[in-house]
Amino acid sequence: MGDENQGAVQYSTQLTEMASAIRLLSVDAIQNAASGHPGMPLGMADVAAVLFSKFLRFSVRNPNWINRDRLVMSNGHGSMLIYSILHLLGCISIDDIKKFRQLHSITPGHPEYGCTPGIEATTGPLGQGLGCAVGMAIAERMLAQRFGGDLIDHYTYVMAGDGCLMEGISHEAASIAGHLGLGRLIVLFDDNGISIDGKISLASSDNVAARFASYGWDVWEVDGHDFGHVYAAIASARETNRPSIIACKTIIGKFMRSKENTSAAHSWPFTPADAQEVRESLGQGESKAFEVSTDASALWKEVRERAELEYASWLSKSEQCDKVGELNAAITKGVPESVFEGLDEHFRDLGFAEATRKSFGRALEFFAQRVNNLVGGSADLTSSNNTKASWMKPITKEDFSGSYIHYGIREHAMAACMNGMALHAGVIPYGGTFLVFSDYCRPAIRLSALMALQAIYVMTHDSIGVGEDGPTHQPVEHLASLRAIPNLYVFRPADAVEVLECWEIALKLTKSPSLFVLSRQNVEPMRSELGRENRSGRGAYILREFEGDLRVTIFATGTEVGVAMAACDVLHKTYGVGTRVISMPCWRLFDQQEKKYISGLLDNNSLKVAVEAGSSVGWHKYIGRDGIFIGLDEFGASGKCEDLYAHFGITKENLVSKVLARLHPAV
């Protein structure tokens with residue numbers, strides 16, 4: 001046998017040993033947990049062995065190395081594949097593997113960012129990982145252009161299954177990636193042709209290769225169990241200037257002979273006999289559960305050592321780069337206090353009416369000049385959302401030096417890409433659309449909150465104030481549903497002053513996403529200048545106080561703060577009713593205040609009223625069961641803004657009438 005053939009045999013033998021270790025650990029952990037999904041780890045172990053042994057750049061010593069390659073498990077149900085590898089590399093212990101899917105373990109059912117070292121993104125909802133990865137690839141190109149290829153030149157890999165590519169987000173994300181020519185994005189498609197219900201042909205006749213080619217991707221189709229073919233495809237994909245998808249023809253549940261290539265292999269249950277069948281098929285019938293062969297351990301150790309040498313080499317070279325200090329500053333979470341210096345001087349005169357979306361845009365002009373890693377965008381609503389500063393230029397496939405992204409009408413992918421950029425580090429992303437279209441973003445927004453990412457969502461046209469476009473474009477239930485997402489800070493500022501205050505808060509929230517809810521219509525100023533204290537930082541504060549016999553407390557947000565103030569004037573001046581107005585730009589912040597502050601606003605015998613042009617859901621925890629709500633729990637209508645407010649009774653007159661009727665009921 002020639003030297004070349006001997007080398008190929010040795011190469012195949014080593015990779016087989018490495019892949020077998022992945023398969024056995026995966027089966028053992030799933031069997032031990034009596035829960036999980038063996039089909040994907042058994043099917044993609046060969047591809048993973050090639051990727052890690054020959055290509056992937058990472059560091060166990062520094063898992064957050066900025067120039068590491070990213071691997072996103074978009075098909076997150078196959079989590080035992082990555083957990084097995086993380087154990088084989090020494091990132092997590094065998095006890096962690098044994099605690100797979102158990103409470104408080106670092107090996108949860110689906111990968112969770114921040115829970116397990118080496119996990120790049122929280123995935124599970126299919127397709128989200130692909131969207132995240134596109135965002136990571138965008139961030140890589142932007143930072144590479146800014147700091148140079150010697151510092152940033154990594155690849156972003158995605159493991160995705162048929163389900164990921166069926167989800168609508170895969171179309172949006174893949175289209176953006178092709179448009180921007182993200183050549184360092186490589187998708188490893190687990191093309192096994194099986195879903196939970198059975199063969200993919202039950203529900204899909206797509207030509208995936210043609211589909212991705214139409215987006216401007218390079219496409220490879222390989223035998224996912226042929227190491228040489230997989231290696232050649234990845235090597236070729238790394239050399240192209242277009243994103244790549246490698247369709248790896250695999251057998252789901254490979255080596256579990258009684259179930260492989262059927263939907264039964266997708267998830268547990270399987271029997272101890274099935275697990276033993278895998279061991280025997282791999283020639284390790286005598287091995288014990290959770291036991292890794294000496295040869296496999298040694299081979300995976302070599303992979304780790306090779307990776308650490310690459311990291312050390314980069315570290316040494318980076319010290320010679322002029323921009324390494326600037327890069328380190330960019331990837332450090334948070335913004336310096338100097339960003340906010342001179343804010344009050346710059347915005348000295350705020351005593352005029354304007355839409356809060358326009359106030360947001362003016363604030364953006366100030367902050368984006370000072371926070372140079374802010375990266376904005378909009379889903380084809382730039383001029384409506386006011387998300388582009390006058391000096392910003394968009395990124396293109398030829399030039400990533402800009403700081404603005406035209407996402408097109410792809411709200412879902414926009415939000416997922418923002419997650420990917422935030423995960424990557426070096427970028428604080430924000431993106432805009434209409435509030436009613438937050439429904440298209442919601443799965444990704446939820447993951448922003450779950451991953452504790454600093455992403456800023458800009459949602460304009462926030463109520464029936466949209467007017468003539470009618471109920472399809474008028475949010476009603478959206479505020480309530482968004483406020484229900486844990487760790488999401490929803491800001492609905494009343495005027496320019498509150499917009500600026502909420503901007504400051506959002507820039508300081510490094511472990512939570514923020515969502516601005518902004519008006520289309522003009523609002524009168526409630527406060528004409530910034531003070532030393534960020535009053536919005538309390539979530540709610542007394543805007544109009546009454547020192548005497550307090551009879552009524554009105555809570556309001558956004559455009560309806562003006563309604564509350566006008567009603568307060570009438571109640572006090574015309575009817576002598578002592579009334580207090582509380583502006584409440586952020587419920588979550590208010591709920592986090594000390595008990596004394598909260599009780600100071602809530603614990604009194606006054607009649608509680610809330611006014612907001614949206615659903616009443618959630619308001620009664622502040623105004624009580626007997627409180628009065630002025631808003632709408634029905635869909636809007638097409639008409640002029642002022643006519644709609646009158647029609648639905650969101651007016652000072654209706655508010656005053658309801659208060660007086662409650663205070664002085666007819667006998």
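Every residue gets a Cβ built from N, Cα and C, even glycine.
TrEMBL lists Asn192, Ile194 as binding Mg(2+), and of Asp153, Asp162, Asp226 the one it places in that same site is Asp162. In sequence order, the binding-site residues near Ile194 (Mg(2+) binding site) (Cα within 10 Å of its Cα) are His266, drawn from His266, His473, Arg520. Fewest other C-beta atoms within 10 angstroms, among the recorded positions Asp162, Glu411, Asp469, are seen around Asp469.
DSSP assigns Gly163 (thiamine diphosphate binding site) to a helical segment in the three-state reduction.
Asp162 (Mg(2+) binding site) sits 37 Å from Ser384 (substrate binding site), counting Cα to Cα.
Taking the binding-site residues Leu126, Ile194 in turn and counting surrounding C-beta atoms within 10 angstroms, the largest count is reached at Ile194. Shown are the binding-site residues Asn192, Ser384; the one with the most C-beta atoms within 10 angstroms of its own C-beta is Asn192. Neighbour count (other Cβ atoms within 10 Å of the Cβ, all protein chains): 21 for His266 (substrate binding site). Comparing CA positions across the recorded positions Leu126, Asn192, Glu411, Phe437, the one lying closest to Arg357 (substrate binding site) turns out to be Phe437.
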